[in-house]
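> Shown below is the structure under consideration.
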Amino acid sequence: MAFSTRLTSSLRPALAALHWAAPRQCRGLSTPQGSEPSLNLGGIFPPLTTPFSPTQEVDYAQLEENLRRYASIPFRGLVALGSNGEYPYLASRERVEVVSCVRRALPRDRLLLAGSGCESTQATIELTVSMAEAGADVALVVTPCYYRGAMTTAALVHHYTEVGDASPIPVVLYSVPANTGLDLPMEAVITLAQHPNIIGIKDSGGDITRMGLMVHKTRQEDFQVLAGSASFLLASYAVGASGGVCALANVLGDPLCQLDHLCRKGQWQEARDLQHRLIEPNTAVTRRFGIPGLKKAMEWFGYYGGPCRAPLAPLSPAQAEELRSTFSANGWL
(Lines of atoms letter the chains of each structure in order from A; the text may use other names.)
(Lines give C-alpha, C1' and ligand atoms only; values in the text may rest on other atoms or scores of the structure.)
Protein backbone atom coordinates (compact mmCIF):
# COMPACT_ATOMS: atom_id res chain seq x y z
CA MET A 1 0.00 0.00 0.00
CA ALA A 2 1.34 3.45 -0.91
CA PHE A 3 2.46 5.61 1.99
CA SER A 4 -0.10 8.27 1.02
CA THR A 5 -2.92 5.75 1.27
CA ARG A 6 -1.76 4.61 4.72
CA LEU A 7 -1.52 8.23 5.89
CA THR A 8 -4.91 9.33 4.65
CA SER A 9 -6.59 6.17 5.94
CA SER A 10 -5.17 6.73 9.40
CA LEU A 11 -6.03 10.41 9.42
CA ARG A 12 -9.56 10.20 8.02
CA PRO A 13 -11.46 9.31 11.24
CA ALA A 14 -9.76 12.06 13.22
CA LEU A 15 -10.22 14.57 10.43
CA ALA A 16 -13.89 13.73 10.07
CA ALA A 17 -14.39 14.35 13.77
CA LEU A 18 -12.66 17.71 13.37
CA HIS A 19 -14.79 18.73 10.42
CA TRP A 20 -16.10 21.96 11.87
CA ALA A 21 -14.26 22.07 15.17
CA ALA A 22 -11.07 23.56 13.77
CA PRO A 23 -12.61 26.64 12.15
CA ARG A 24 -14.57 27.39 15.29
CA GLN A 25 -11.52 27.00 17.51
CA CYS A 26 -9.58 29.30 15.23
CA ARG A 27 -12.29 31.98 15.38
CA GLY A 28 -10.73 33.49 12.26
CA LEU A 29 -7.08 34.23 12.98
CA SER A 30 -7.13 37.53 11.10
CA THR A 31 -10.27 38.93 12.74
CA PRO A 32 -10.25 41.10 15.89
CA GLN A 33 -9.40 39.13 19.00
CA GLY A 34 -12.50 38.04 20.84
CA SER A 35 -14.87 38.61 17.90
CA GLU A 36 -16.46 36.12 15.54
CA PRO A 37 -16.25 36.78 11.79
CA SER A 38 -19.60 37.18 10.09
CA LEU A 39 -18.74 34.21 7.86
CA ASN A 40 -15.88 32.03 9.07
CA LEU A 41 -13.46 31.15 6.26
CA GLY A 42 -11.11 29.21 8.52
CA GLY A 43 -9.95 25.97 6.91
CA ILE A 44 -8.90 24.47 3.60
CA PHE A 45 -10.60 25.09 0.25
CA PRO A 46 -9.54 23.21 -2.89
CA PRO A 47 -9.87 25.36 -6.03
CA LEU A 48 -11.61 22.75 -8.16
CA THR A 49 -10.38 21.77 -11.59
CA THR A 50 -12.98 21.68 -14.33
CA PRO A 51 -13.22 18.20 -15.88
CA PHE A 52 -13.39 18.04 -19.66
CA SER A 53 -14.28 15.17 -21.94
CA PRO A 54 -11.92 14.04 -24.73
CA THR A 55 -13.81 16.48 -26.99
CA GLN A 56 -13.15 19.29 -24.45
CA GLU A 57 -16.74 19.66 -23.29
CA VAL A 58 -17.38 20.13 -19.57
CA ASP A 59 -17.87 16.65 -18.12
CA TYR A 60 -20.42 17.16 -15.36
CA ALA A 61 -20.61 13.46 -14.47
CA GLN A 62 -16.88 13.39 -13.71
CA LEU A 63 -17.20 16.62 -11.76
CA GLU A 64 -19.91 15.04 -9.62
CA GLU A 65 -17.74 11.97 -9.04
CA ASN A 66 -14.81 14.10 -7.86
CA LEU A 67 -17.18 16.01 -5.57
CA ARG A 68 -18.47 12.73 -4.13
CA ARG A 69 -14.92 11.77 -3.13
CA TYR A 70 -14.13 15.23 -1.75
CA ALA A 71 -17.19 14.97 0.52
CA SER A 72 -15.27 12.60 2.83
CA ILE A 73 -12.46 15.14 3.38
CA PRO A 74 -13.05 17.83 6.04
CA PHE A 75 -12.67 20.84 3.77
CA ARG A 76 -14.24 24.10 4.95
CA GLY A 77 -15.67 24.41 1.48
CA LEU A 78 -14.81 24.43 -2.21
CA VAL A 79 -13.81 27.05 -4.76
CA ALA A 80 -15.34 26.79 -8.22
CA LEU A 81 -13.98 28.78 -11.15
CA GLY A 82 -10.69 29.85 -9.68
CA SER A 83 -7.52 29.91 -11.75
CA ASN A 84 -7.24 26.11 -11.54
CA GLY A 85 -10.77 25.77 -12.90
CA GLU A 86 -9.64 27.12 -16.30
CA TYR A 87 -12.07 29.96 -15.67
CA PRO A 88 -10.92 32.13 -18.61
CA TYR A 89 -11.62 29.26 -21.02
CA LEU A 90 -15.26 28.76 -19.98
CA ALA A 91 -18.24 30.44 -21.61
CA SER A 92 -20.55 32.42 -19.32
CA ARG A 93 -23.20 29.71 -19.59
CA GLU A 94 -20.69 27.04 -18.58
CA ARG A 95 -19.51 29.07 -15.60
CA VAL A 96 -23.01 29.25 -14.18
CA GLU A 97 -23.70 25.59 -14.91
CA VAL A 98 -20.50 24.48 -13.16
CA VAL A 99 -21.41 26.43 -10.02
CA SER A 100 -24.96 25.03 -10.08
CA CYS A 101 -23.57 21.50 -10.40
CA VAL A 102 -21.16 21.99 -7.48
CA ARG A 103 -23.87 23.50 -5.30
CA ARG A 104 -26.23 20.58 -5.90
CA ALA A 105 -23.55 18.10 -4.85
CA LEU A 106 -22.15 20.08 -1.93
CA PRO A 107 -23.52 19.69 1.60
CA ARG A 108 -25.17 22.90 2.75
CA ASP A 109 -22.80 23.20 5.70
CA ARG A 110 -19.84 23.63 3.37
CA LEU A 111 -19.13 26.94 1.75
CA LEU A 112 -19.04 27.45 -2.00
CA LEU A 113 -16.82 30.24 -3.25
CA ALA A 114 -17.25 31.06 -6.94
CA GLY A 115 -14.99 33.08 -9.20
CA SER A 116 -16.84 36.00 -10.76
CA GLY A 117 -14.13 38.51 -11.63
CA CYS A 118 -14.29 40.04 -15.10
CA GLU A 119 -12.37 42.85 -16.73
CA SER A 120 -15.16 45.42 -16.40
CA THR A 121 -16.98 46.37 -13.23
CA GLN A 122 -20.35 45.96 -14.93
CA ALA A 123 -19.60 42.44 -16.17
CA THR A 124 -18.24 41.47 -12.75
CA ILE A 125 -21.42 42.63 -11.04
CA GLU A 126 -23.61 40.77 -13.51
CA LEU A 127 -21.67 37.53 -13.16
CA THR A 128 -21.54 37.86 -9.36
CA VAL A 129 -25.34 38.12 -9.27
CA SER A 130 -25.56 35.03 -11.50
CA MET A 131 -23.21 33.12 -9.20
CA ALA A 132 -25.35 34.01 -6.20
CA GLU A 133 -28.43 32.79 -8.02
CA ALA A 134 -26.61 29.54 -8.88
CA GLY A 135 -25.97 28.90 -5.19
CA ALA A 136 -22.58 30.42 -4.40
CA ASP A 137 -22.10 31.60 -0.81
CA VAL A 138 -19.19 33.93 -1.57
CA ALA A 139 -17.88 35.65 -4.70
CA LEU A 140 -14.13 35.38 -5.34
CA VAL A 141 -13.22 38.41 -7.46
CA VAL A 142 -9.85 38.49 -9.20
CA THR A 143 -8.19 41.82 -9.99
CA PRO A 144 -8.95 43.16 -13.48
CA CYS A 145 -5.61 43.30 -15.26
CA TYR A 146 -5.86 43.74 -19.03
CA TYR A 147 -5.21 47.47 -18.65
CA ARG A 148 -2.96 46.89 -15.66
CA GLY A 149 -1.12 50.18 -16.16
CA ALA A 150 -4.36 52.01 -15.37
CA MET A 151 -5.24 49.83 -12.39
CA THR A 152 -4.24 52.33 -9.73
CA THR A 153 -5.22 52.02 -6.09
CA ALA A 154 -8.07 54.46 -6.69
CA ALA A 155 -9.34 52.53 -9.73
CA LEU A 156 -9.25 49.19 -7.92
CA VAL A 157 -10.91 50.57 -4.79
CA HIS A 158 -13.69 52.00 -6.95
CA HIS A 159 -14.09 48.70 -8.83
CA TYR A 160 -14.31 46.52 -5.74
CA THR A 161 -16.50 49.01 -3.87
CA GLU A 162 -19.03 48.95 -6.71
CA VAL A 163 -18.95 45.14 -6.76
CA GLY A 164 -19.26 44.94 -2.98
CA ASP A 165 -22.19 47.35 -2.99
CA ALA A 166 -24.06 45.41 -5.69
CA SER A 167 -23.25 41.84 -4.71
CA PRO A 168 -26.01 39.86 -2.95
CA ILE A 169 -23.33 37.65 -1.35
CA PRO A 170 -20.08 38.47 0.49
CA VAL A 171 -17.00 39.21 -1.62
CA VAL A 172 -13.44 37.92 -1.23
CA LEU A 173 -10.70 39.80 -3.04
CA TYR A 174 -8.33 37.71 -5.16
CA SER A 175 -4.74 38.78 -5.83
CA VAL A 176 -2.79 36.38 -8.07
CA PRO A 177 0.13 38.32 -9.57
CA ALA A 178 1.60 35.24 -11.28
CA ASN A 179 -1.42 35.25 -13.62
CA THR A 180 -2.40 38.91 -13.69
CA GLY A 181 0.95 40.67 -13.33
CA LEU A 182 -0.78 42.84 -10.75
CA ASP A 183 -0.52 42.80 -6.95
CA LEU A 184 -3.57 44.30 -5.28
CA PRO A 185 -1.97 47.28 -3.48
CA MET A 186 -1.82 47.15 0.30
CA GLU A 187 -3.55 50.53 0.51
CA ALA A 188 -6.46 49.16 -1.51
CA VAL A 189 -6.77 46.07 0.69
CA ILE A 190 -6.81 48.15 3.87
CA THR A 191 -9.48 50.48 2.46
CA LEU A 192 -11.64 47.67 1.07
CA ALA A 193 -11.46 45.71 4.33
CA GLN A 194 -13.70 48.38 5.81
CA HIS A 195 -16.49 47.58 3.35
CA PRO A 196 -19.24 45.60 5.13
CA ASN A 197 -19.66 43.17 2.23
CA ILE A 198 -15.96 42.51 1.57
CA ILE A 199 -14.90 39.85 4.05
CA GLY A 200 -11.43 38.75 3.01
CA ILE A 201 -8.68 38.23 0.48
CA LYS A 202 -7.07 35.24 -1.16
CA ASP A 203 -3.44 36.25 -1.61
CA SER A 204 -1.41 34.00 -3.90
CA GLY A 205 1.69 36.16 -4.10
CA GLY A 206 3.64 34.30 -1.43
CA ASP A 207 5.00 37.41 0.30
CA ILE A 208 4.62 36.47 3.96
CA THR A 209 5.63 39.94 5.15
CA ARG A 210 2.80 41.40 3.06
CA MET A 211 0.31 38.85 4.39
CA GLY A 212 1.31 39.52 7.98
CA LEU A 213 0.92 43.24 7.42
CA MET A 214 -2.55 42.68 5.92
CA VAL A 215 -3.60 40.77 9.02
CA HIS A 216 -2.16 43.48 11.25
CA LYS A 217 -3.64 46.42 9.37
CA THR A 218 -7.13 44.88 9.10
CA ARG A 219 -7.31 43.44 12.62
CA GLN A 220 -10.13 45.79 13.63
CA GLU A 221 -12.24 44.77 10.63
CA ASP A 222 -14.40 41.74 9.86
CA PHE A 223 -11.78 40.61 7.34
CA GLN A 224 -9.89 37.35 6.85
CA VAL A 225 -6.72 36.54 4.94
CA LEU A 226 -6.48 33.27 3.01
CA ALA A 227 -3.20 31.79 1.78
CA GLY A 228 -3.30 31.10 -1.93
CA SER A 229 -0.84 28.20 -1.97
CA ALA A 230 0.08 25.10 0.00
CA SER A 231 3.78 25.98 -0.21
CA PHE A 232 3.47 28.78 2.35
CA LEU A 233 0.43 27.62 4.30
CA LEU A 234 2.22 27.11 7.62
CA ALA A 235 3.98 30.46 7.37
CA SER A 236 0.67 32.13 6.57
CA TYR A 237 -0.95 30.67 9.67
CA ALA A 238 2.01 31.82 11.73
CA VAL A 239 1.29 35.44 10.76
CA GLY A 240 -2.47 35.12 11.29
CA ALA A 241 -4.08 33.79 8.11
CA SER A 242 -7.47 32.14 8.57
CA GLY A 243 -7.26 29.40 5.94
CA GLY A 244 -5.95 28.38 2.57
CA VAL A 245 -7.15 28.00 -1.00
CA CYS A 246 -4.61 25.47 -2.22
CA ALA A 247 -4.39 23.77 -5.62
CA LEU A 248 -2.66 20.78 -4.05
CA ALA A 249 -5.81 20.09 -2.01
CA ASN A 250 -7.32 18.64 -5.21
CA VAL A 251 -4.74 15.85 -4.83
CA LEU A 252 -3.68 15.72 -1.16
CA GLY A 253 -6.75 17.04 0.60
CA ASP A 254 -6.42 15.02 3.81
CA PRO A 255 -2.77 15.96 4.47
CA LEU A 256 -3.56 19.64 3.92
CA CYS A 257 -6.46 19.44 6.35
CA GLN A 258 -4.09 17.77 8.79
CA LEU A 259 -1.59 20.62 8.36
CA ASP A 260 -4.40 23.08 9.03
CA HIS A 261 -5.30 21.15 12.20
CA LEU A 262 -1.70 20.95 13.46
CA CYS A 263 -1.24 24.70 13.04
CA ARG A 264 -4.44 25.47 14.92
CA LYS A 265 -3.36 23.18 17.76
CA GLY A 266 0.08 24.78 17.92
CA GLN A 267 1.82 21.51 17.07
CA TRP A 268 4.46 23.36 15.10
CA GLN A 269 7.12 20.63 14.79
CA GLU A 270 4.68 18.15 13.29
CA ALA A 271 3.25 20.91 11.12
CA ARG A 272 6.70 21.87 9.91
CA ASP A 273 7.58 18.30 9.01
CA LEU A 274 4.38 17.94 7.00
CA GLN A 275 4.75 21.35 5.36
CA HIS A 276 8.25 20.43 4.13
CA ARG A 277 6.87 17.37 2.32
CA LEU A 278 4.20 19.43 0.56
CA ILE A 279 6.39 22.17 -0.91
CA GLU A 280 7.90 20.34 -3.87
CA PRO A 281 4.67 18.58 -4.96
CA ASN A 282 2.81 21.89 -4.69
CA THR A 283 5.42 23.73 -6.75
CA ALA A 284 5.21 20.96 -9.35
CA VAL A 285 1.43 21.28 -9.82
CA THR A 286 1.49 25.08 -9.82
CA ARG A 287 4.54 26.96 -11.07
CA ARG A 288 6.36 24.01 -12.69
CA PHE A 289 3.67 22.15 -14.64
CA GLY A 290 0.51 24.15 -13.94
CA ILE A 291 -3.01 22.80 -14.47
CA PRO A 292 -1.93 19.96 -16.82
CA GLY A 293 0.36 18.76 -14.01
CA LEU A 294 -2.37 19.13 -11.41
CA LYS A 295 -4.81 17.10 -13.49
CA LYS A 296 -2.23 14.39 -14.14
CA ALA A 297 -1.47 14.09 -10.41
CA MET A 298 -5.18 13.85 -9.61
CA GLU A 299 -5.40 10.70 -11.71
CA TRP A 300 -2.71 8.95 -9.62
CA PHE A 301 -4.81 9.53 -6.49
CA GLY A 302 -8.08 8.23 -7.90
CA TYR A 303 -9.69 11.46 -9.10
CA TYR A 304 -10.64 12.42 -12.62
CA GLY A 305 -8.14 14.83 -14.09
CA GLY A 306 -8.57 14.49 -17.81
CA PRO A 307 -7.53 16.91 -20.52
CA CYS A 308 -7.28 20.68 -20.33
CA ARG A 309 -8.87 22.99 -22.84
CA ALA A 310 -6.65 24.21 -25.64
CA PRO A 311 -4.34 26.01 -25.80
CA LEU A 312 -3.20 24.33 -22.56
CA ALA A 313 -1.22 21.28 -23.66
CA PRO A 314 -0.89 17.94 -21.85
CA LEU A 315 2.35 16.93 -20.20
CA SER A 316 4.94 15.08 -22.22
CA PRO A 317 5.88 11.59 -20.96
CA ALA A 318 9.14 13.02 -19.59
CA GLN A 319 7.30 15.76 -17.73
CA ALA A 320 4.80 13.27 -16.30
CA GLU A 321 7.67 11.10 -15.06
CA GLU A 322 9.36 14.11 -13.43
CA LEU A 323 6.09 15.04 -11.75
CA ARG A 324 5.58 11.49 -10.48
CA SER A 325 9.13 11.38 -9.14
CA THR A 326 8.47 14.57 -7.18
CA PHE A 327 5.47 13.03 -5.41
CA SER A 328 7.35 9.77 -4.82
CA ALA A 329 10.44 11.48 -3.40
CA ASN A 330 8.26 13.16 -0.75
CA GLY A 331 6.51 9.94 0.24
CA TRP A 332 3.13 10.49 -1.42
CA LEU A 333 3.33 7.73 -4.05
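Glycine is treated like the rest: Cβ placed from N, Cα and C.
Copying in the features that TrEMBL gives for the protein in this structure:
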ACT_SITE  Tyr174  active site, proton donor/acceptor
ACT_SITE  Lys202  active site, schiff-base intermediate with substrate
BINDING   Val245  pyruvate binding site
> I need the CA-to-CA distance for the residue listed as 'active site, proton donor/acceptor' versus Lys202 (active site, schiff-base intermediate with substrate), whole Å please.
5
> Return the residues near Lys202 (active site, schiff-base intermediate with substrate) by Cβ distance under 8 Å, restricted to its own chain and a separation of at least 6 in sequence.
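Within the chain, Lys202 (active site, schiff-base intermediate with substrate) has Cβ neighbours under 8 Å at Leu140, Val172, Leu173, Tyr174, Ser175, Val176, Leu226, Ala227, Gly228, Val245.
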> Near the Cβ of Tyr174 (active site, proton donor/acceptor), how many other Cβ atoms are there if near means within 10 Å?
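That number is 28.
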